[in-house]
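Everything on this sheet refers to the single structure shown next.
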Amino acid sequence: MSEEKKQWSISDIEAIYQQPFNDLLYQAHAIHRTYHDPNSLQFATLLSIKTGACPEDCGYCSQSGHYKTHVEKEKLMSVEEVLQCAKEAKEGGAKRFCMGAAWRCPPDKAIPQLKEMIEGVKSLGLETCMTLGMLTKEQASHLKEAGLDYYNHNIDTSPSYYDKVVTTRKFSDRLDTLNNVRSAGINVCCGGILGLGETREDRIEFLLTLANMETPPESVPINRLIPVEGTPLAQAERVEGIELVRTIATARILMPKSAIRLTAGRTEMSDELQALCYFAGANSVFIGDKLLTEDNPQRFKDKTLFNKLGLTEMV
């Protein structure tokens, strides 16, 4: 008999999120130990396979065509180029290879090339993930046919705050794509960004949305905004570290089986803050020098920290 899924309320999550910090960490870490090896991390690598000139106006994004940033437009990479990057990622220790393209939605004519990329990366023994914008049911089915393991499509923030960050699409559009991905039988990677000007209440509503999905995301990336010059959020106030840890700990409690990925913003985090994030339940990171267009901690720096903490690669 299957276990009935709990439907969380705002008051439930407020009580978890806002409890004394030590109690929150204790509860999150106990759950983390129950469902995961607390001393192992999943390593993934993220590659931008088509960069810039995105028609969406996400206020945080360096790749939006609405803003003048440091990012230069680049066409879709060839299958050969992508596979070479995937080989290098595998040699660097990655187990999952994520491919991102700056589109509102992928053009149908690109689907055969994307399928070749998926098949080629899988042939190297890597898990595959893509983030290409919104997908139709048919497109999701094509990617599944090629063997795509995960599709990333973040909800970014709470439903209440969403239109303060993006105006070229609706929050419901995100949910529609997530439903198409799930219906195709592809695992879901879905999270958001802290530091968009949202309140704590927005973070709680964001977590509620994820946790109350019929099937919560298998992977939940938690990003700390990297402010980009030229975007509307270039001067956004950084979310303090304790708030980041509270968000990760609450996500771990609400979604105990999911991988919680500590993603963008690690370059600006101290070793101590990262250690707290891992203790709170984060058990996945991107390795490599770049996250799409922004810097990521260099491999040797990560290796040094993980050795200090006794964290090893997830088998």
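Numbering starts at 1 and runs along the chain as displayed.
Every residue gets a Cβ built from N, Cα and C, even glycine.
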Residue in Cys61, Cys85, Cys98 which Swiss-Prot records at the [2Fe-2S] cluster site where Cys129, Cys189, Arg261 also bind: Cys98
With the [4Fe-4S] cluster site defined by Cys54, Cys58, Cys61, which remaining residues of that chain have Cβ atoms positioned within 8 Å of the Cβ centroid? Glu56, Asp57, Tyr60, Ser62, Gln63, Ser64, His66, Ala102, Val166
Can you give me the residues near the recorded [2Fe-2S] cluster site, meaning same chain, not Cys98, Cys129, Cys189, Arg261 themselves, Cβ no more than 8 Å from the center of the site's Cβ atoms? Ala44, Leu46, Arg96, Thr131, Tyr150, Asn152, Ser219, Pro221
With the cut-off set at 10 Å between Cβ atoms, which of these binding-site residues ends up with the most neighbours? Options: Cys54, Cys58, Cys98, Arg261. Cys98
Rounded Cα-Cα span from Cys129 ([2Fe-2S] cluster binding site) to Cys61 ([4Fe-4S] cluster binding site), Å: 20
Between Cys58 ([4Fe-4S] cluster binding site) and Cys189 ([2Fe-2S] cluster binding site), the C-alpha gap once rounded to whole angstrom: 19
From the Cα of Cys54 ([4Fe-4S] cluster binding site) across to the Cα of Cys189 ([2Fe-2S] cluster binding site), what is the distance in angstrom? 21
